[in-house]
Amino acid sequence: MRRLFLSHVLGAWLLLSQLPRELSGQKPDDVIKACGRELARLRIEICGSLSWKKTVLRLEEPGLEAGQPVEIVSSSISKDAEALNTKLGLNSNLPKEQKATLSERQPSWRELLQQPALKDSNLNLEEFEETILKTQSEVEDDSLSELKNLGLDKHSRKKRMIQLSHKCCYWGCTRKELARQC
């Protein structure tokens with residue numbers, strides 16, 4: 001009788017030990033302050049735990065269930081691609097190489113000047129080129145400043161890790177933020 005009881009207790013213990021372990025009883029949004037070795041151990045614990053990764057993915061995408069297809073390409077991009085394919089389909093007598101170059105080609109300034117909006121304007125070539133160059137430089141300046149503000153300009157992964165470790169040490173960070181770096 002005693003052997004039977006011990007074998008049942010041993011069986012129950014083995015079954016319970018196979019269940020996923022709880023992660024320190026902390027929620028993913030609890031703020032943790034950790035520096036140096038503590039932070040490294042915490043990252044290893046979070047990144048090494050398969051159940052944590054599944055939990056984070058489930059928390060980040062609550063509307064998705066297993067088995068539901070996900071649309072990766074946004075609808076505006078797919079609409080543009082459909083329009084391009086339709087235009088290329090109209091020129092079906094062109095060889096494949098010319099179709100590829102036609103889809104990748106940018107219109108020249110002469111073609112742009114032939115459009116109705118620019119035909120009526122009094123822009124000469126120099127003014128037109130200056131306008132385009134000015135617009136391009138403004139866009140480049142804006143994108144570069146945005147990248148610098150985000151910390152993604154050069155060596156982005158290293159800089160983000162430095163910023164995250166600094167933040168975790170002085171102000172604290174969540175498990176979810178640490179899991180994103182895995």
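Positions of Cβ are set from backbone N, Cα and C atoms, glycine also.
Noted from Swiss-Prot: of Gln98, Gln136, Gln163, the annotation pyrrolidone carboxylic acid belongs to Gln163. Among Cys168, Cys169, the cysteine that Swiss-Prot records as disulfide-bonded to Cys173 is Cys168. Cys173 (disulfide bond) and Gln163 (pyrrolidone carboxylic acid) are 11 Å apart (CA-CA, integer value). Within the set of recorded positions (Gln163, Cys173), the lowest number of other Cβ atoms found within 10 Å of a Cβ is recorded at Gln163. A strand conformation is recorded for Cys173 (disulfide bond) in the three-state DSSP classification.
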